[in-house]
Amino acid sequence: TAEPRRPAGGCSCRNTNCVERPLRRLFEGLGSGVAACPWPFVLVPLLLSGGLGAGFLFLPQRQANDIEGQFTPTGGPAKAERDFVRQRFPTNDSERFSAPRLPTEGAYAAFIAVAAGDRSVLDQEAWSEVLRLDAAVRDLGYERLCARSGSSCASPNPLLGDATAAAPQNLTFPISSRGTFLGAALGDVQTGAGGRVLSARALKLVYYLREDGPAAAESRRWLESFLQDIPSKLAALGFASIQVTYFTSLSRQQEFEGNTKSVIPLFSVTYFLTITFSVVSCLRLSCIRNNVWLACCGVVSAGLAVLSSFGLMLFCGVPFVVTVANAPFLILGVGVDDMFIMIASWEKSSRKKEKSDVKSLLSETYAEAALSVTITTLTDVLAFFIGTWTAFPSVRSFCLYTGTAFVFCYIYSMTFFGAVIVLNHKREQGNRHWLTCMPVGIDKDQADKSCLYNACCIGNCSRQSSQLETTQPESEHPMSIFFKKYYGPFFTNKWIKLLVVVLYGAYLGGSIYGCSQMREGIDLRNLASDDSYVIPYYDDNNKYFSAYGPRVMVVITESVDYWNETVRLGIENCTQNLEGISYVDKNLSESWLSIYTVFANRAQININNKTVFLNNLPTLFQIVPDFQWDINKTQDKIEASRFFIQTVNVTSAVDEKHLLNQLREAAKQCSVPLMVYHPAFIYFDQYLVVVQNTIQNVIVAAGAMLVVSLLLIPSPLCCLWVTFAIASVIVGVAGFMTFWNVNLDSISMINLVICIGFSVDFSAHISYAFVTSGESSADERAIEALSQLGYPVLQGAVSTILGVVVLAAAKTYIFRTFFKIMFLVILFGALQGLVFIPVFLTFFENFVRPPHSTKPSNVSTHNTKSENQELRFRNNKDCP
């Protein structure tokens with residue numbers, strides 16, 4: 001035969017077929033081995049899964065649901081800043097407690113009391129109930145463990161410091177007449193002339209407990225007991241004038257840890273839906289060729305992959321984070337997707353009457369399906385393992401568990417499920433019933449049986465003798481016929497192609513706009529379930545107390561000459577720069593150095609002298625005792641010191657990000673070594689890396705996908721289309737998740753990593769079928785690709801959505817977000833694979849024409865796909 005002409009822009013054997021051909025031979029050999037001896041390939045995965053599943057015994061020790069440890073970036077600057085504050089400014093909760101000076105959030109129980117109706121919480125009726133609430137907390141034994149300032153417990157609210165039965169009068173806001181800051185104590189305050197308080201809708205009470213020494217463990221037990229007792233206490237108090245919400249320093253963590261338990265019941269629903277869909281998809285109106293057992297075993301294969309991978313990771317000590325609980329839903333859908341591809345290829349091979357030997361059938365099935373499944377699995381696994389290059393431990397754990405599960409899912413599909421196909425084929429060859437495995441034949445009493453009996457037990461409603469079903473060639477699936485006769489020709493119509501291009505332009509435009517509106521950061525309230533008691537507290541806090549944000553420490557980190565006037569002027573300039581930020585109220589700053597300077601001028605003390613400066617500090621501490629905890633002083637120098645600035649109007653994640661960046665930038669430009677810190681900055685640090693990490697992972701993963709596609713798909717331009725599909729799906733998901741109120745945070749970042757692999761899955765199947773088609777025109781190749789793999793791709797999309805759809809009913813943001821983004825990934829991925837890519841590929845007919853598409857005159861135009869493939873390999877002289 002004449003050697004076919006290699007088209008311009010086509011691929012060289014050296015860079016594609018020389019990888020593809022050995023892999024095909026390898027899979028053909030594997031298929032022959034599985035067909036020759038299927039039982040070991042069934043039993044070994046079962047035994048391996050059982051052995052690795054023992055790793056679940058370590059699950060209690062491996063659970064790592066610490067919010068700070070898992071959802072804040074490793075090595076975040078705020079963590080180092082906290083260590084510095086702890087070292088330089090140690091606390092003493094038993095004698096000199098000060099809430100703004102804590103390096104952490106502290107141990108506390110908090111209440112927000114909101115006046116009922118439109119009344120004020122400072123009205124006498126409401127105030128009386130606030131006092132009853134305070135007394136109830138003290139009755140729980142609070143005073144035994146309270147954080148102390150001097151000899152008394154630190155007041156939960158400045159207005160309760162010397163509380164009487166009468167409501168406070170003649171208050172000024174935000175600074176009281178005694179110089180106390182009330183911004184964090186009263187909410188939704190209405191003021192008159194001179195800042196006089198007219199009314200206040202809400203009041204916050206914060207009961208701090210000791211954390212130093214052995215008191216820390218007792219304080220934790222008290223808080224746990226408090227959470228158990230306080231609901232009944234509040235019910236018994238029966239407040240009529242105030243509505244009370246509560247929260248503790250343990251609440252966020254406890255509610256977060258309970259999220260995993262809430263999703264466990266959904267596993268059974270997911271497996272039921274997936275098995276049902278798989279069975280219905282594989283159902284045949286034949287008691288012999290019914291593929292119910294194949295469908296069930298495909299789901300079992302995915303379940304074994306979860307058991308093996310999770311057990312292995314637990315054996316290896318990888319932390320089990322709550323986000324990992326999403327993985328089984330995803331793996332189930334992907335495993336079923338591979339099953340559909342395998343079954344579709346097996347049925348196609350079975351329709352070739354000349355190949356009745358099970359070894360030949362399975363070899364051809366593996367040669368056709370395994371390479372496509374390998375491409376998608378390899379890209380998925382690469383995407384997940386690249387996703388481990390992140391600063392967020394929760395993302396790292398999820399990617400390790402899920403990537404390993406995909407590897408096992410692939411192995412079990414090639415071994416366990418392939419062996420099940422062989423055993424099922426032997427049952428069919430023996431003409432045995434799909435359920436009972438009893439031989440199906442002509443019953444001598446058939447004439448006396450009903451039509452329903454004959455249809456279920458014999459496979460034929462007729463009472464006449466019928467041939468054995470195994471002598472009949474298997475008919476093409478109705479959905480394959482639909483894609484071949486209706487769907488494919490519809491989308492290859494030139495006007496429909498034009499419409500598809502317009503729709504894609506609209507999709508891309510909407511996606512890009514959504515990306516420009518993307519919000520960053522995780523809201524801590526979303527770590528609790530919707531019905532948690534912490535949600536009303538967060539809502540009240542945001543509604544009534546968002547006007548004043550964190551009170552930020554400004555720390556001079558090194559020893560400087562404070563007695564040098566030039567140094568003091570430099571510190572004052574730095575303070576003014578910080579106070580000039582729009583999020584800072586300069587009237588609410590607190591600085592020991594400013595007060596000391598004013599005091600020295602009034603007392604005519606020359607603080608430009610080092611000795612005088614240091615010797616007169618005790619006088620300052622007598623005036624403001626708290627200032628002595630703001631100076632780390634040795635005998636002859638000040639090692640470090642701090643002052644405070646008050647932030648305002650930090651009401652959103654965008655505000656938090658801008659606040660942190662502006663404060664740190666101003667501190668960096670200061671002439672003295674300066675550091676800004678607040679415990680909330682531990683969580684704000686995510687804004688510094690989440691976008692950077694996401695872009696890094698997406699770019700690296702997309703590059704890896706391109707390399708894999710170039711090696712395994714025999715058309716470079718087609719590989720570029722796969723890469724284009726990756727970018728298209730990522731942009732679409734990132735844009736539309738904004739419209740669905742999903743922020744870019746460590747949780748959605750996980751899903752964008754998944755997005756990379758799944759966008760390859762759908763486009764690679766269709767693209768590979770397109771470039772290996774033997775049809776002469778691009779339209780015909782697109783139709784053939786859709787007829788062969790359109791239905792399996794659709795099945796895979798539906799099965800994956802079914803795998804995660806139950807998460808839409810979850811009461812937790814983490815799981816609902818997973819569903820939302822997975823839904824977008826599958827929807828847009830399926831659109832790429834079934835609509836956009838087939839249409840776009842037809843526009844480049846001369847560039848994606850495979851080497852074997854130009855048929856020599858003496859070669860039959862009725863060659864099978866396999867024969868054309870073999871012809872292509874023979875005519876490529878530079879192949880080994």
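Think of each number as a place in line: the chain as shown, counted from 1.
From the backbone N, Cα and C atoms, a Cβ is placed for every residue, glycine too.
Quick look at what TrEMBL lists:
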COMPBIAS  854-863  compositional bias 'Polar residues'
COMPBIAS  864-880  compositional bias 'Basic and acidic residues'
DOMAIN    263-423  domain 'SSD'
REGION    853-880  region 'Disordered'
TRANSMEM  262-280  transmembrane segment
TRANSMEM  292-321  transmembrane segment
TRANSMEM  327-346  transmembrane segment
TRANSMEM  366-392  transmembrane segment
TRANSMEM  398-423  transmembrane segment
TRANSMEM  695-714  transmembrane segment
TRANSMEM  720-742  transmembrane segment
TRANSMEM  749-771  transmembrane segment
TRANSMEM  791-809  transmembrane segment
TRANSMEM  821-844  transmembrane segment
- prompt: With an 8 Å cut-off on Cβ pairs and a sequence gap of 6 or more, do the transmembrane segment (398-423) and the transmembrane segment (292-321) reach 3 or more such pairs?
  reply: yes
- prompt: Hey, which of 292-321, 366-392, 695-714, 791-809 has the most Cβ-Cβ pairs under 8 Å against the transmembrane segment (749-771)?
  reply: 366-392
- request: Please figure out which one of 262-280, 292-321, 695-714 racks up the most CB pairs under 8 Å against the transmembrane segment (791-809).
  value: 262-280
Query: Do the transmembrane segment (327-346) and the transmembrane segment (695-714) share at least 3 Cβ pairs under 8 Å, sequence separation 6 or more?
result: no
Intrachain neighbours beyond the transmembrane segment (292-321), with Cβ under 8 angstroms and 6 or more residues off its ends: 45-46, 48-49, 51-59, 62-65, 70, 271, 274-275, 278-279, 281-283, 327-328, 331-332, 334-336, 338-340, 342-343, 393-394, 397-398, 400-401, 404-409, 411-413, 416-417, 420-421, 424, 434-435
Message: Can you tell me which parts of the same chain pack against the transmembrane segment (695-714), counting only residues 6+ beyond its ends and a CB-CB cutoff under 8 A?
response: 11, 15-17, 19-20, 23, 371, 374-375, 378-379, 382-383, 386-387, 389-390, 720, 722-723, 726-727, 730, 749, 752-753, 756-757, 760, 764, 767-768, 771-772, 850-851
Message: Looking at the domain 'SSD' (263-423) alone, can you tell me the average pLDDT?
response: 84
